Amino acid sequence: MADIQNISLDSPGSVGAVAVPVVFALIFLLGMVGNGLVLAVLLQPGPSAWQEPGSTTDLFILNLAVADLCFILCCVPFQAAIYTLDAWLFGAFVCKTVHLLIYLTMYASSFTLAAVSVDRYLAVRHPLRSRALRTPRNARAAVGLVWLLAALFSAPYLSYYGTVRYGALELCVPAWEDARRRALDVATFAAGYLLPVTVVSLAYGRTLCFLWAAVGPAGAAAAEARRRATGRAGRAMLTVAALYALCWGPHHALILCFWYGRFAFSPATYACRLASHCLAYANSCLNPLVYSLASRHFRARFRRLWPCGHRRHRHHHHRLHRALRRVQPASSGPAGYPGDARPRGWSMEPRGDALRGGETRLTLSARGPQ
């Protein structure tokens, strides 16, 4: 693993020497901008970005954005340096810290996705009984537990990596012997990938089975549950979970193949290793795109971040308000009669000032229920 992870690119003019910095730079820029905007949108005062009263989804999405932002800021530049430079230039402490943060944020993301899937299952399967459990306070406690577990599971990586001298070069490589490395890599696959993906699959699978099996007198409730489960937040988080499984799957598969299969060191296997890293790291910049495509309310809150968009929204609101004030009711009957199309509480009242010809100007005025 150390050998293939620290093979330098063949030559400065090779395709890899050009592609690797470009790909990692794109991941860094898109991830920083995208997740930064997600934080700015979710930290705005106001209702949930998903229009769900008392929603805990925003807190989990906020936690995912924080984990992705930490990963991109603290890990991607140094991993790019591993693949583009012949030596490690940042010292032993940074070598250990970078790899600790890689797995810390990976665990935080996977555990958060598992928590979201359970939250969505409870919202659909037990909408009333789970209301007292699915509160912002409990969501914050769940986020704290996620980071605590992530820290515990990733702590061994603080000593897993270290720096060694290879001739005149210093390299950042795994420092453990093979048996311990294999045990930790398998444990990371089981706890950081297999377990969360299994929880997500079971939670969303049971949710869909419940929705499709609901028949009889509970049909109306099932229809409402189906609408909520397939709503914007549910679809977005299911997409995010699927992307996580697809992006991190090849990374773990190659590690297992290295330990238990035939993994000869060659340019082809090196390219596979590099591609799996790029795919796993790209996962951190895909989530903001999913949120923006899934929720028009999220997009509306994003537009309010910019003064021009906010002014446009206010101008449109004022124009609509003026148009509504000029609307004359189509009905000639008294307010509130069965054929009246006017909203309840609105009536036509004469103003005191008369127009020419003895006509009285009529305006809409808001009155409470009589």
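A Cβ is built for glycine as well, from the same backbone N, Cα and C atoms used for every other residue.
Summarising the annotation, Swiss-Prot assigns topological domain 'Extracellular' to 1-20, 79-96, 160-184 and lists sequence analysis as the type of evidence. Positions annotated as N-linked glycosylation site by Swiss-Prot, on the basis of sequence analysis: ASN6. As annotated by Swiss-Prot, transmembrane segment applies to 21-41, 58-78, 97-118, 139-159, 185-205, 237-257, 260-280. What Swiss-Prot records for 42-57, 119-138, 206-236, 281-370 is topological domain 'Cytoplasmic', and it gives sequence analysis as the kind of evidence. The disulfide bond annotation in Swiss-Prot covers CYS95-CYS172. The S-palmitoyl cysteine annotation in Swiss-Prot covers CYS308. Annotation comment: Swiss-Prot describes 328-370 as region 'Disordered'. Residues annotated as compositional bias 'Basic and acidic residues' in Swiss-Prot: 350-359.
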Stretch-averaged pLDDT - the topological domain 'Cytoplasmic' (119-138): 85
Least Cβ-crowded entry, counting other Cβ within 10 Å, from the disulfide-bonded residues listed as CYS95, CYS172: CYS95
Two-stretch contact, the transmembrane segment (97-118) and the transmembrane segment (260-280), at least three Cβ pairs under 8 Å: no
Outside the transmembrane segment (185-205), six or more residues from its ends: residues with CB under 8 Å to it: 103, 106-107, 110-111, 113-114, 117-118, 120-121, 153, 238, 241, 244-245, 248-249, 252, 255-256, 259
Ranked first among 21-41, 58-78, 237-257 for CB pairs under 8 angstroms with the transmembrane segment (139-159): 58-78
DSSP-assigned states of the topological domain 'Extracellular' (160-184) in counts, ordered helix, strand, coil: 8 helix, 12 strand, 5 coil
Secondary structure tally of the topological domain 'Extracellular' (79-96) (DSSP, helix then strand then coil): 12 helix, 0 strand, 6 coil
